[in-house]
Amino acid sequence: MTAPKWFTDGFPHVWLPYSQMQTAPTPLAAKSTQGCTITLEDGHELVDGIASWWTACHGYNPPHVIEAMKHQLDVMPHVMFGGLNHEPALKLAKRLADLLPGDLNRVFFVDSGSVSVEVAMKMSIQYWINKGVKGRSKFVSFKDGYHGDTLGCMSIADPEEGMHHVFNEVLFEQFVVDVPRSPKQLEEFDAFLAKHKDEIAGVITEPLVQGAGGMKMFSPDVLKNMCETVQKHELLFIVDEIFTGFGRTGTMFAIDQAEIVPDIICLSKALTAGVCPLACAVAQDHIYEAFLSESFDDALQHGPTYMANPLACAAANASLDLFEQEPRLEQVKHIHQKLRNALTPLQSIKGVKDIRILGAIGVVQVWDIKDTNWLKKRFVEEGVWLRPFRDIIYLTPAFTISDDELDKLTGTIEKVLTQWSEL
Ligand SMILES: *Cc1c(COP(=O)(O)O)cnc(C)c1O
């Protein structure tokens, strides 16, 4: 079928994410979504295995979330957050504070995950300035980490990876170290912090799984040891739960499995169930209190125009309702078991290097993916939406996915990977 007019007219005017526009395959024309299905303009249906970049945790168009947004749309789609507050934001802030452990009580709303990380970094730097401690402006982050695409976020990503290195010349210099998986690495991490702590504002990590860096996983014990080492040196510990938050790893937050309380946590992606953008950085009381004084200079210097957008906050509140009313974490457990059963045998396909499962995340890592476009094309032909990247093919489905849909996804991965191994 030929592309619709809106596509041929408009496509010459958009610039796609992380794409070499000269050679990138033409994107597909999406028409509508429902449940775990994406319908294309030509009527072709795709079972979505990745929930639109890990956001659509209740499937597409969740009725309760859509209803809440429709109501909010009539009442007040947006109002500035400077000088004015509103029910959706304050309700959401209280609910997040109640859900998060310890003193994680102060919510700063922004529009995207990257900006929530920027805010966490600014909070950390200014925290030390407000306390009168000089020179603590650098961050420690981890190899294979990813925290977003803005300049500050790029500076704490793994410099070896392919996404940001062209900007190396302008990026702030940070410390990027190994995830302390082994006792020896933990000792080295400890020694590193002891040596550099006077330069360090904070340590930032993705908990339990490093998403965009290739779905690299580590245990709750590793996270716990990391946190305890950071806190032993009285440095700030920032956890980026933008991917992992809201059930993805099997608990509401990944930090719950390590029973730790970071100083600041960043949330986004599934926060609004994938219907619209919203993110936040949530700080412990002691961070917030370091900004209280008679001087405006001590105030947190940040404030996005669309901060705490009421529509987005209404969506997030409705999404939290669904986590309370429906057995989401049970569904994650069920998906986990099914992924384990279906993906583990793929280890025997030639070229497969590793199979990793955590919560509702299933990863097939290969030795060398060669041509991701071939895989992407084959998956679409088979009626599934999967986006292999680097050396992995992964599943992060909606928690509401049916057994049949999940079987279709894992069965297609097996079929296509087998063909791929025989190329
Ligand atoms: C997606 C992601 C980000 C960036 O969020 P955006 O909304 O794309 O800016 C940051 N950190 C992690 C762990 C992510 O997965």
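The backbone N, Cα and C atoms fix where each Cβ goes, and this holds for glycine too.
Annotations in TrEMBL come from automatic prediction, not curation.
Substrate binding, as stated in TrEMBL, involves Y146, K269, G303, R387; the candidate among W53, W367, W420 given for that site is W53. Same-site candidate for pyridoxal 5'-phosphate binding, as annotated by TrEMBL with G113, S114, P304, T305, chosen from D178, D240, D368: D240. Checking the binding-site residues W53, G113, S114, D240 against ligand 1 with a 6 Å cutoff on the Cβ atom leaves G113, S114, D240, in sequence order. In terms of local Cβ density within 10 Å, G113 ranks first among the binding-site residues G113, G303.
Counting every protein chain shown, the Cβ of K269 (substrate binding site) has 28 other Cβ atoms within 10 Å. Recorded residues D240 (pyridoxal 5'-phosphate binding site) and Y146 (substrate binding site) have their alpha carbons 9 Å apart, per Cα-Cα distance. G113 (pyridoxal 5'-phosphate binding site) sits 7 Å from K269 (substrate binding site), counting Cα to Cα.
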